[in-house]
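Below is one structure, written out as structure tokens; the observations come after it.
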Amino acid sequence: MSIFLSQIANGLMFGSLIALIAIGYTMVYGIITLINFAHGEIFMVGAYGGLATLTYWVPTAVVARWYFALPIALVAGALVSMLVAVAMERFAYRPLRNAPRLAPLITALGVSVALQEAVRVFYPGATAAIPFPPLFIQGAFVIPIGDGVVIRYTGILLIVVSLGLAFGLERFVERTRLGRAMRATSQDRDTARLMGIDPDRVIVLTFAIGGALAGVAGVLYGSYLNNINIDMGFQNGIFAFTAAVLGGIGNIRGAVVGGLVIGLVRALGGQYLPGGTAYDYVWIFVVLIIVLVFRPQGFFGESERVRA
Amino acid sequence: MSEVTSESASTTETAEAPVRTVPAAPPARHTGRLAGPLNALAPHAKIGMVVGGVLSIVGAYLAWSTFVLNEGAYPERATLTMFVEPFGVTGFRLHITLLGLATIVVALLRVPAKHRIVRGLGVGVTAVAVLNGLWITVEGGGLGAITASDGTVAFGSIVALVGGLVTVLSATAGGLEDKPVWEWKLAWWVEWILLLVVFVLILLLVAEVLTSGGQGGVVNPYAGVVFLSLLAALAGAFAALNASGLLTWVGEVSERHRVFSVVVLLLCALALPFTGAGTEYWMTVASNIGVYAATAIGLNIVVGLAGLLDLGYVAFLGIGAFVAANLSGAAASVIGIHVPFLLVMVISAVVAGIFGAIVGSPTLRVRGDYLAIVTLAFGEIFVRSAQNNIAGLTGGANAIPNIPQVALGSFQFNQSISLGPIQLPGGVMYYVAIVLLVAAVMLVFGNLKNSRLGRAWIAIREDEDAAAAMGIRTGPIKILAFLIGAMLAGFAGAFFAHKTAVVAYDSFRFLESVTLLAAVILGGMGTIPGAVLGASILFVLPEKLREFADYRLLLFGLALVLIMRFRPQGIIADKHRKAELAEDPEDAAKEAPGALPTEVK
Amino acid sequence: MAFLEVRDLVVAYGAIQAVRGVSFDVEEGQIVSLIGSNGAGKTTTLRTLSGLLRPVSGTVSFKGEQIQRLPAHEILGLGVAHSPEGRRLFARMSVEENLRLGAYTRKDEDGIVADIQRVYDLFPVLGERRQNKAGLFSGGEQQMLAIGRALMSRPKLLMLDEPSMGLSPIMTQLIFDTVKELRAEGTTVLLVEQNALAALGLSDQAYVIDLGRTTLSGTGAELLADPRVQEAYLGEGVGAE
């Protein structure tokens with residue numbers, strides 16, 4: 001029982017991280033129907049950006065105090081990711097706005113490879129995993145059920161920040177003028193233009209928001225696992241995409257639920273399914289295939305959004 | 001006997017006239033950023049082109065580097081002597097000389113599309129000068145290396161660069177003509193001889209490109225730049241030939257003699273071991289290219305013909321390889337049996353094909369981007385499972401090593417052969433086998449493309465709903481594309497297992513799928529030579545540019561982005577392909593920015 | 001110089017020229033109609049005027065300024081609103097949100113609220129169901145919302161593409177009455193219609209577009225009386241009420 005609950009907790013923590021990345025996928029896909037493969041790398045870049053700030057630009061005395069280090073790293077990671085995402089949109093995707101569908105998808109693959117390699121080549125020591133400083137109260141508390149369920153404080157932070165940001169974003173999209181413009185652009189770009197909305201600006205905004213959230217996720221990931229490597233983007237990016245599809249693409253709430261489900265599948269699959277943790281990734285891909293084949297509109301998607 | 005027509009179909013008016021003569025160079029009236037200088041230069045275009053050509057040649061014979069640096073263990077490694085030596089008419093000096101001479105000759109003659117041809121030549125000179133100049137600057141320790149800083153006048157690269165730029169600018173100012181269309185028809189035997197000469201030239205050129213600069217790395221410090229410089233010069237020459245319309249014409253001639261061309265090309269490919277590339281090293285490189293080319297052709301069926309993006313394709317190569325490895329009698333395989341190689345190839349292909357059908361089955365319900373993700377997921381499941389040594393079949397991290405060589409009787413394929421006085425290098429049999437395999441795969445692809453099935457695939461690619469409405473049973477036909485593509489990869493995989501003697505899950509990761517996809521796209525989707533060309537480029541470049549090994553993938557990623565931006569149809573554009581990637585840029589320009597392409601009614 | 005001047009407009013979709021030479025004027029305060037058969041190029045013309053398409057050649061001047069190269073959102077900023085063919089509402093948003101999107105470029109919250117109320121006054125049915133999703137409304141109600149949305153930017157020139165399409169005769173009459181009301185309030189209206197009879201009846205000036213060219217022009221009454229128009233566009237049953 002306590003193992004089961006521990007795995008549930010682990011799943012939710014990992015899942016809320018995935019959810020944060022998934023939001024970027026789902027928003028970009030909602031607006032320009034592009035699977036932005038490089039989004040996983042934006043997440044990775046955010047982690048390295050946060051780490052670089054802490055390592056090279058902030059005095060160690062400051063880094064040693066988590067209540068300084070955490071906000072600095074989060075903001076730095078978010079900024080770096082946001083800038084990279086916006087630059088990527090501007091220079092790689094925007095010129096292909098009217099191109100046939102395969103072109104941006106392949107471009108995304110290229111951007112993904114290039115970003116990963118750029119970090120590997122230019123970040124000192126990035127050829128191997130790099131230790132990441134803990135950015136929150138260390139330790140854990142124990143819920144006394146069975147043998148005890150250990151909950152790390154960092155994990156709590158992960159869940160609170162992720163769900164908080166997701167909730168805030170949802171409010172932003174539902175309630176504000178810019179949020180309305182985003183929804184309008186995603187529903188009907190031409191008519192949005194007739195309303196005086198500049199789609200390019202909305203698209204940039206979308207990339208910026210998605211990038212910032214991915215950057216935050218990157219820093220949280222580093223702080224949670226205590227080391228980062230350049231492969232983290234690809235794998236988690238695919239998980240996040242799966243989460244976005246699960247929840248119904250274009251839907252922020254769906255992305256969050258999808259992320260949590262992915263986290264649970266991974267934690268429980270690794271615990272209880274044959275093959276153990278060596279195959280936990282495989283189960284996620286199996287879920288992805290099943291969902292895409294049998295319910296491509298996801299949990300929350302409206303059937304009209306099923307794409308050709 | 002000769003008639004020159006223009007290939008301008010950009011406006012509806014001209015398209016109606018089937019045959020036109022080449023217009024005199026259109027009055028140059030330039031708009032845009034360089035309009036002023038270009039218009040001023042226009043009356044002097046001819047002089048400008050000649051001056052550019054002369055400058056290029058002069059530049060070629062100046063010294064290109066001022067000083068000889070000595071650093072590091074290899075004196076040759078750190079010196080730039082090759083660039084100082086002014087009189088050796090080889091390498092880049094020869095190339096620039098030839099391009100410069102051609103520039104002068106073409107500029108003075110009355111040739112159709114003169115300015116366009118000269119521009120191609122000028123671009124070649126410019127590229128060669130820039131590459132070598134950059135190289136010297138970087139290796140020689142700064143800009144001082146290409147000036148006169150230590151008293152040695154070494155303006156070679158600068159003069160050649162100026163020559164190239166003057167050529168390009170003058171040619172552009174003179175007004176670029178449409179590419180002429182040649183309609184010569186010669187006696188069949190003359191055309192045969194011509195094709196024979198052309199193909200032999202291509203063979204020699206391929207051997208030259210392959211071996212230029214040697215094996216690279218420590219052996220020859222100049223390997224990278226020699227190779228790139230040759231490529232740049234060839235690109236210039238190619239652009240000029242293309243502008244003259246002669247390439248198109250040769251293409252048409254070979255089209256008229258299809259069978260002859262195919263046979264001669266095959267013979268030429270088989271003759272590669274007899275050229276300068278006939279060493280064990282190059283045979284190995286060429287065989288590797290062959291494996292990936294065969295796989296890329298298979299992928300081309302799925303992506304290029306049927307328009308189904310497969311991001312996990314390399315898994316089929318892996319499945320073929322692991323099947324072969326397990327049936328090879330290798331000590332590490334759990335199935336301790338040895339099956340004859342030809343049978344192994346068939347079994348590998350069948351197994352890969354079955355998996356192909358399984359991976360392809362979601363196409364019944366999933367389309368477009370989502371399908372790409374499903375294939376990616378299958379690919380990842382394969383890699384993960386192989387990594388975990390699933391059912392003991394893949395060896396996991398230990399791989400399956402020591403796979404025996406393919407043998408014919410007592411002759412093993414990695415041994416060398418003596419043909420009378422000629423000693424052919426080891427590995428030549430693998431090369432021959434892979435050439436035959438690639439040829440067979442090309443034959444399959446070519447026949448499929450022009451078959452009922454191929455037309456059905458293309459119809460699905462262009463518009464699946466319309467295809468279904470026309471009565472094409474899209475479901476089975478799409479699965480068939482996956483099945484056939486996977487079988488071809490399975491064949492290649494079996495071959496791969498024996499040739500490299502080790503099969504590890506690591507060779508079949510996502511990045512390999514992307515590389516194969518890039519090969520198909522770079523070469524030109526849906527075309528037969530495209531996949532081979534793309535695979536060759538993507539697997540030769542890393543061999544040649546070892547000193548950039550660290551940047552390889554970075555450059556690869558950026559190259560993908562740039563290709564999609566500037567030449568999405570690839571090097572060899574499919575004539576019939578319109579909808580997916582090749583888009584008339586003029587059409588796009590007329591839509592306002594941000595307009596969706598769905599507006600066409 | 002007229003309020004809106006279109007000269008020799010040519011618009012192409014790829015190699016296909018949908019508009020091959022359209023010229024017309026719209027004077028301030030008038031209702032001007034473009035009539036013509038399906039596929040004549042009317043909608044393409046409007047889409048070009050509002051900046052959704054770029055012309056191959058030709059000019060569009062609005063109040064003396066050439067606008068044919070401006071992006072759509074800037075053209076709207078100049079005071080040209082376009083209610084597109086097929087209404088193109090944001091179906092998954094509420095009535096109120098659709099209206100607010102119509103006022104996207106405006107920042108004066110009080111004015112926006114007042115104008116939303118004005119639309120509700122104009123079309124009470126919208127006011128009654130302001131929180132309902134636009135996709136749930138009937139064709140006529142959707143058309144009201146589309147016009148209301150276009151009005152929210154306080155346009156100087158309102159372009160309506162086929163406002164009567166798919167509507168019952170009563171609803172059509174209601175829409176056209178509204179158009180007349182708008183003119184009375186000083187809004188200039190450019191109307192594209194297949195229902196030539198109804199459109200010509202209220203137009204100050206009208207143009208016939210045929211195969212991508214303007215072929216005839218005159219006041220609404222003149223064109224109604226023109227035998228060529230009668231034969232081609234007012235044949236028995238077409239537009240009759």
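Any Cβ shown, glycine's included, is placed from N, Cα and C.
According to TrEMBL, the features are:
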TRANSMEM  A:12-35  transmembrane segment
TRANSMEM  A:42-60  transmembrane segment
TRANSMEM  A:66-87  transmembrane segment
TRANSMEM  A:121-143  transmembrane segment
TRANSMEM  A:150-169  transmembrane segment
TRANSMEM  A:202-225  transmembrane segment
TRANSMEM  A:237-261  transmembrane segment
TRANSMEM  A:281-300  transmembrane segment
Legend entry - Contact ranking winner - A:42-60, A:66-87, A:150-169, A:281-300 against the transmembrane segment (A:12-35), Cβ under 8 Å: A:150-169
Inset, instruction - Give residue numbers and ranges for long-range contacts of the transmembrane segment (A:237-261): same chain, 6 or more residues beyond its ends, CB-CB under 8 A. - result: 11-12, 15-27, 29-30, 35, 37, 39-41, 43, 112, 162-163, 166, 169-170, 173, 186, 284-285, 287-288, 291-292, 296-302, 305
Inset, instruction - Could you check if the transmembrane segment (A:121-143) is in contact with the transmembrane segment (A:281-300), meaning 3+ Cβ pairs under 8 Å among residue pairs at least 6 apart in sequence? - result: no
Legend entry - Distant-in-sequence neighbours of the transmembrane segment (A:281-300), which means Cβ under 8 A and at least six residues beyond its ends: 235, 238-239, 241-242, 245-249, 251, 253-254, 257-258, 261-262, 265-266, 269-270, 273, 275, 306-307
Legend entry - Beyond the flanks of the transmembrane segment (A:42-60) by 6 or more, those residues with Cβ under 8 Å of it: 21, 24, 69, 72-74, 76-81, 84-85, 88, 115-116, 119, 123, 126, 130, 132-133, 210-211, 214-219, 221-222, 228, 230, 232-233, 236-237, 240
